[in-house]
Amino acid sequence: MELKGVHQQNGTSNGTGAAGTEGESPPPAPAPATAEAAASLETTTEKVDAEQQKTERTNWGNGLEFLMSCISVSVGLGNVWRFPFTAYENGGGAFLIPYIIVLFLIGKPMYYLEMIMGQFTSQGTVKIWSVVPGFVGVGYGQAFATICIITYYSSLLALTLFYLFVSFQSVLPWSYCWEEWMNCVDSRPQEDTDALLLSSSNVTNVTALTDTVKLQSSSELYFLNVVIKEKMDISDGIGDPDWKLTLALFVSWVVIFLVIMRGVKSSGKAAYFLALFPYVVLFILLVRAVTLEGARDGIIFFLEPQWGELLNPTVWKNAVVQCFFSLAVGSGPIIMFASYNRFDHGIYRDAMIVTTLDTLTSLLGGITIFAILGNLAHNLQIENIRDVVRSGTGLAFISYPDAISKFQAVPQLFSVLFFFMLFVLGIGSIVALQSTIVTILCDQFKSWKYWKVALATSICGFLMGLVYVTPGGQWILTLVDFYGGTYVVFILAIFELAGIVWIYGMQNFCDDVEFMCNRRVSLYWRVCWSFFTPVMMIVIFIYSMVTIEPITYSEQFFPEAGNVAGWLLFGIGAAQFPLWWMWYISHHREGSLGQSFVASLRPSDKWGPANPETKRQWVIFKNEKAAQRATKKQSSKMGAFWQKLGHFCGSNT
C-alpha cells in the first residue's frame, strides 16, 4: 500500500474510527447508481470537507516554527538555571556520566515517544489517552504538575526582570559591598575598589581575615538582603509580597499572555527569537568566563569525573530528574507542540536535533558557571569549589551577576543582555507550559475561545505566583519543586510509558509510528521503550521513595506543617491517576466490574489520527500488518511441522 500522501487527505466520514479499534476493515461504500448520484455524493463530500476545515486543528506555519518552539522550551531555564546547580550539588564532573547515560536510555526515548503521541493524535496531554482510557488520570496529573512548575518558574522571571531593571544604573548595585554588610568581598575587580561611590569602611579587609571567618561576595549578599529579603525561618509565616517583585511578576505574565494569546500562530513566530537569541548572549558570557582568573579550576571540577559517585543512586536519581526538567518531558509541552504538526511531519529529525542541542547547551551553561565559580573561589581564597556558594535557585542570581561585575568594559550593557537573555529563556519555557494547560482546556471545551482561556489562566498564574515573591518565597519554591513537580512528574511518566508500551502494546505502537513516519522503528527504540527506560525509571523511583529524607532549604529543615503540605501536594498530583481510572470505570460500565476494568485498558473509538480519511487508511494499514503477521506465524508453524516430519521420516529409513 502506498503511504505517501494519504496523511493530508480529507475524509468524508467520522465513523471509521470504531473499526480501527476493533481491528476490522470498514465496509466499502456502495457505488452510486447514476452519474447524478455520483455528482450528489461529490457535493456532499465537498460540504463535509468544508465543515471539517472549520473545525480542523491549527497547524504550525511551517516545520521550522515547531523546531524552534521545541528548542525554546527544552533549551531554557532547565539548562542555564537548573543544570549547573544540580551538577554543583552532585559533585560536578561525577554528574555528567550518569546524566549522559540517562539521556540516551530515558531522555531521548521519552522525548521521541511524546512527540509521536502528540502528532499521531493531534491532541493534547489529556485527550491522547483514548489509547488507554483508564489512564486519563496520567494526563490530568501531569497538568497539575505543570501548573506547579509554572507558578514558580514565573517567580524566576520576576527576579530576572528585577535584575534587568537595576542593570541600567551607572554602577551595578551588586558589584560592591554596602556599609551594613560585614565580611563582604566586592564582586567587581579589586583594582576598582577605590572607585566605590559609597563608603566601604565597614567592609572587612580580605587579608586581615582569619580562617574562621566566612566571606561572602557582594553579589550573594545583594540577592539575599536586597532582592528577596530572605527569611531564615518561616515558622511564623512567609511574609508579604514585595511590591517591586510583584510588579515584575505582573509584567512577566503580561508578556506571556501576549505571546500565547493566538496560539501557535503567535507563539510560533516568537519562537525564532526565543530559541536563537539566548545563544548569542550565552556565548559572549562563556568567552568572558573562561578568561577569568581561577576559571580553569572550576572547569576541571565540572568535567573531571569522580568515579566513586557512579555507585551513588542519588546521583542517578538527580540525573533523571534533571533530564526530565531539561527536556520538558513528562509534563505535556512536547505532546502539545507536536499535536499542532501535520500528520506526516518528520519528527524523528526534530527529536534528535532538540535532544542533542539540549545536552550541548547544558554543557555550555555548566562550563560557563563553573568557570565563574572557579573565579569566585579564587577571590574568596577557598580551595574547595563546592564550598563557594549555596546551591539552589540563587545560584543563577549570584554567580552570573558576579561574573558580569568583573567585565572591564560597560558591565551594565552585558548585564542587560544577560538578564534579558534569561528572561527570554524563561518566557520560552513558560509559554510552552502555559500553552499545555490552555490546550487541555480548549480540547475539552471546544466552544471556549483560546485567547479568553489564555487570559484567565494567566491571571490565575499571576495570583498563584505571589507566594514566591515574599521573603519566605524561596522556601515555598523548594517545597513545590520537590513535592509538586519532581516526584509527581516522575511517577506519572512511569505510568505514561507503561500505558503506551505495555498495555496498548509495543507492536501496535510501532505500527502506528511506521504508518505515520513511513519508516520502521529501530531496535534501539524498541529495547529502550519496552525495557531499559521503564525499568530504570521504576528502580530509581523506588530507591528515591525508600531513601527519601525531609527536605531542607539553606541547610535548615522545614517545619512539620511544611512537610505535611508537601506530601499533600504530592498526593493530589499522584492521586489523579487512580481517581480518574475509577471515574472512567464507573461511567463506562460494560457488564461486570471486571469487564469494565478490561474495557478501560482497550483503545476507545476516538483513538487514532484525527483526520477521518487518514484514520481510514490507518485502519487498512493495521489490518494488513495483522494479516502479514498471521501469515508469517502460520508459515513458521508449517515450516516447523515439515521440518519435524522430515526428521521423523529420515530416522525411520
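Even glycines carry a Cβ here, placed using N, Cα and C.
These features come from Swiss-Prot:
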type	residues	note
COMPBIAS	10-24	compositional bias 'Low complexity'
COMPBIAS	32-43	compositional bias 'Low complexity'
COMPBIAS	44-55	compositional bias 'Basic and acidic residues'
CARBOHYD	N202	N-linked glycosylation site
CARBOHYD	N205	N-linked glycosylation site
TRANSMEM	60-80	transmembrane segment
TRANSMEM	93-113	transmembrane segment
TRANSMEM	125-145	transmembrane segment
TRANSMEM	146-166	transmembrane segment
TRANSMEM	241-261	transmembrane segment
TRANSMEM	270-290	transmembrane segment
TRANSMEM	319-339	transmembrane segment
TRANSMEM	353-373	transmembrane segment
TRANSMEM	413-433	transmembrane segment
TRANSMEM	459-479	transmembrane segment
TRANSMEM	486-506	transmembrane segment
TRANSMEM	565-585	transmembrane segment
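Within the chain carrying the transmembrane segment (93-113), a Cβ under 8 angstroms from the stretch's Cβ atoms is held by residues 74, 86-87, 301-310, 312, 315-316, 318-320, 322-324, 326-327, 329-330, 334, 347-348, 351-352, 354-355, 359, 362-363, 493, 497, 500, 525, 528-529, 532-533, 536-537, all 6 or more beyond its ends. By the Cβ criterion (distance under 8 Å, sequence gap of 6 or more), the transmembrane segment (319-339) is not counted as touching the transmembrane segment (241-261), fewer than 3 such pairs being found. Stretch with the largest number of CB pairs closer than 8 A to the transmembrane segment (125-145), among 353-373, 413-433, 565-585: 565-585.
Remote same-chain residues near the transmembrane segment (241-261) are listed as 154-155, 157-162, 165, 227-229, 267, 270, 423, 426-427, 430-431, 434-435, 438, 450-451, 454-455, 458-459, 461-462, 465-467, 469-471 (criterion: CB distance under 8 Å, separation of at least six residues from the stretch ends). Taking Cβ pairs closer than 8 Å, the transmembrane segment (565-585) reaches residues 133-138, 140-141, 144-145, 148, 479-480, 482-484, 487-488, 491-492, 495, 551, 558, 593, 596-597, 600 in its own chain, all 6 or more past its ends.
Contact count against the transmembrane segment (353-373) (Cβ pairs under 8 Å) is highest for 270-290, out of 270-290, 413-433, 459-479, 486-506. Just going by CB pairs under 8 A, the stretch in 270-290, 459-479, 486-506 that sits most against the transmembrane segment (413-433) is 270-290.
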